[in-house]
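> Pasting a structure below so you can have a look.
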């Protein structure tokens, strides 16, 4: 946990340059590096003359609570969610750049542990991917902005718009676990006033390590993105806002209907449909395609529009929109 | 100026998706786009199999004051500073991704004007460069995180480390104007308590448009970066932390001394040396090279180490380090 009350050296004590010097050796290296950190910009390889790029920000308050996430968790999650977006194009993640804005009271050791989280996530989820540049700023609000790059290895990118009637709809990764973990945290890892609480968090995390872990340290099936592309996936996206909302996006972009099979959605189909932050992959494959990696069938693409479950329209929203739902608290 | 007290629609009223829909049509398009905004990630061309990447964050408080900068100024400056870093590698900027974290009270129109600033800066400084992706988050602290890409067009990147004794040291862009502008703002565009004040700002901006403009809407000589590379520049960097500190970086990376000629530094050499945020280019060229674009000679590379002015060691620090210098105020 971040203990900003300790006597540890803070980012205010160190200059930006000193802090960066301590962070950079802990960051993972990218095998795509031509020029790494330390100049005005990095230079990376793009072997097939193209590169995939995505950016995502994590903000203290709406996106994480310091009573629940360690600094290493933050680095892990910031890496994992961006790696998942790269994978969802069918690309292999090659590199990240990371901008961090931190309160001046934050110990430099917290930044080091954020770096450790990036290293651990890249090593486990996308070996060879590393951090090639960054920026460190002061802010009242701890903020991590990550931009991730990927290599399509000569393949066409897999968009949301290519699903065709008859395709099999498949998912890789757990459905609903991250949302169930978040629900547990808000229900049981808070004090009587509803404020995130470290002691109660420890008990919840010990009792439900898988659900809490799915929320705080998601393990997106990054390798399954390129595998799906190789297998001929017609459409794919990262499941960030809940299966229902994300499946509707594929249906809309592709001009088709997606019909999900409730029995394929586990013991709690409603949470599987409406929970956010799964960071699994939803992909569509031509009928008869042997499903690659961890993909399992969950439905069928049909003529029409919108989302169906067992043939009936499903209109519940699901997902997490910080603008609509953030209560303004940090914790 | 941002008027968060108005009855205008705020980002809390709009969903993230709605807000993005209003912003994206105003953003500049990139001629490097293969897949643009709207999917999990963008896909860009990298014609010579490499790409340049840099990232930089602007945070309300340490990096800008809303009493002094319009939303359009913020978009402009966030684009310009990143474009300058790409140019400093000798590359032509091709695209940006932009992550914005905004207070829920911010009017959506402010985001639209930030987008207008990106459009104006790209059109003037780097035609063909545009925004290919982004992210919108909620935060108590308005924060812009930009990642910029560039194309080296087959050339080697120009690093900080290639300066050789005998090279001419040259600069493109104004020296010290941005720092003089900031000094004016802190001296005269504040109320009796030192708080940034819009009415006083208007008077200062009218009296000193060039200095204030250099601070709030810098115009880095982006096209001079590739020109310098083509002309054979041995080392180059973006002047972001003051000529003295940045020249020392080139000297250190190259294992040489840099000797600046005080008479080449204008009417106020000390501000030229120690002022930050110039976002001009410092480059070294082999002796006899006709200086390209806006470059003018300011000194010579010598055997030795560190920074000299007229042959004498110059040790003053200069530059702006938010960790050391931010007073914690926003305004």
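Placement of Cβ uses the backbone N, Cα and C atoms for every residue, glycine included.
What TrEMBL lists as domain 'PurM-like N-terminal' is A:38-150. Marked as Mg(2+) 4 binding site by TrEMBL: A:40, A:54, A:85. For A:40, A:85, A:238, the entry in TrEMBL reads Mg(2+) 3 binding site. Positions annotated as Mg(2+) 1 binding site by TrEMBL: A:55, A:56, A:135. Sequence annotations record features per position, and here TrEMBL assigns Mg(2+) 2 binding site to A:56, A:85. Here TrEMBL flags A:63, A:277, A:320 as substrate binding site. As annotated by TrEMBL, ATP binding site applies to A:134, A:135, A:160, A:240. For A:241, the entry in TrEMBL reads Mg(2+) 5 binding site.
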> Using a Cβ-Cβ cut-off under 8 angstroms and a sequence gap of six or more, which residues of the chain neighbour residue A:55 (Mg(2+) 1 binding site)?
A:82, A:145, A:146, A:147, A:148
> Using Cβ atoms and a cut-off of under 8 Å, determine which of the binding-site residues A:55, A:241, A:277 neighbour chain B, and list them by sequence position, or give 'none'.
A:55
> Here are the binding-site residues: A:54, A:240. Which has the lowest count of other Cβ atoms within 10 Å?
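So among A:54, A:240, the binding-site residues given, the one with the fewest Cβ atoms within 10 Å is A:240.
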> Whole-number answer please: how many Å between the C-alpha atoms of residue A:85 (Mg(2+) 4 binding site) and residue A:277 (substrate binding site)?
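About 12 Å separates the two Cα atoms.
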> Pull out the binding-site residues from the set A:40, A:54, A:56, A:134, A:135, A:277 whose C-alpha sits within 10 Å of the C-alpha of residue A:238 (Mg(2+) 3 binding site).
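For residue A:238 (Mg(2+) 3 binding site), the binding-site residues whose Cα atoms are within 10 Å come to A:277.
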> When DSSP states are grouped into helix, strand and coil, how many residues of the domain 'PurM-like N-terminal' (A:38-150) land in each?
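Each residue of the domain 'PurM-like N-terminal' (A:38-150) counted once, the result is 35 helix, 46 strand, 32 coil.
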> Between the residue listed as 'Mg(2+) 5 binding site' and residue A:277 (substrate binding site), how many Å separate their Cα atoms?
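About 6 Å separate the Cα atoms of these two residues.
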> Have a look at the binding-site residues (A:63, A:238) and report the one with the fewest Cβ neighbours inside 10 Å.
A:63
> Could you state the whole-number distance in Å separating the C-alpha atoms of residue A:160 (ATP binding site) and residue A:135 (Mg(2+) 1 binding site)?
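Here the two Cα atoms are 32 Å apart.
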> When the Cα-Cα distance from residue A:134 (ATP binding site) is computed for each of the binding-site residues A:40, A:54, A:56, A:63, A:277, which gives the smallest value?
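Among A:40, A:54, A:56, A:63, A:277, A:40.
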> Restricting to the domain 'PurM-like N-terminal' (A:38-150), report the mean pLDDT as a whole number.
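It averages 97.
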> Cβ-Cβ under 8 Å from residue A:40 (Mg(2+) 4 binding site), same chain, 6 or more residues apart: which ones?
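Same-chain residues close to residue A:40 (Mg(2+) 4 binding site) (Cβ under 8 Å, separated by 6 or more): none.
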> Let me know the most crowded of the binding-site residues, choosing from A:56, A:85, A:135, A:241, A:277 and counting other Cβ atoms within 10 Å.
A:85
> Between the binding-site residues A:134, A:160, whose Cβ has more other Cβ atoms within 10 Å than any of the rest?
A:134
> So of all those binding-site residues, A:54, A:63, A:240, A:277, which one's Cα sits nearest to residue A:135 (Mg(2+) 1 binding site)?
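Answer for the nearest of the binding-site residues: A:54.
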> Closest of the binding-site residues to residue A:277 (substrate binding site), Cα to Cα, picking from A:54, A:56, A:240?
A:240
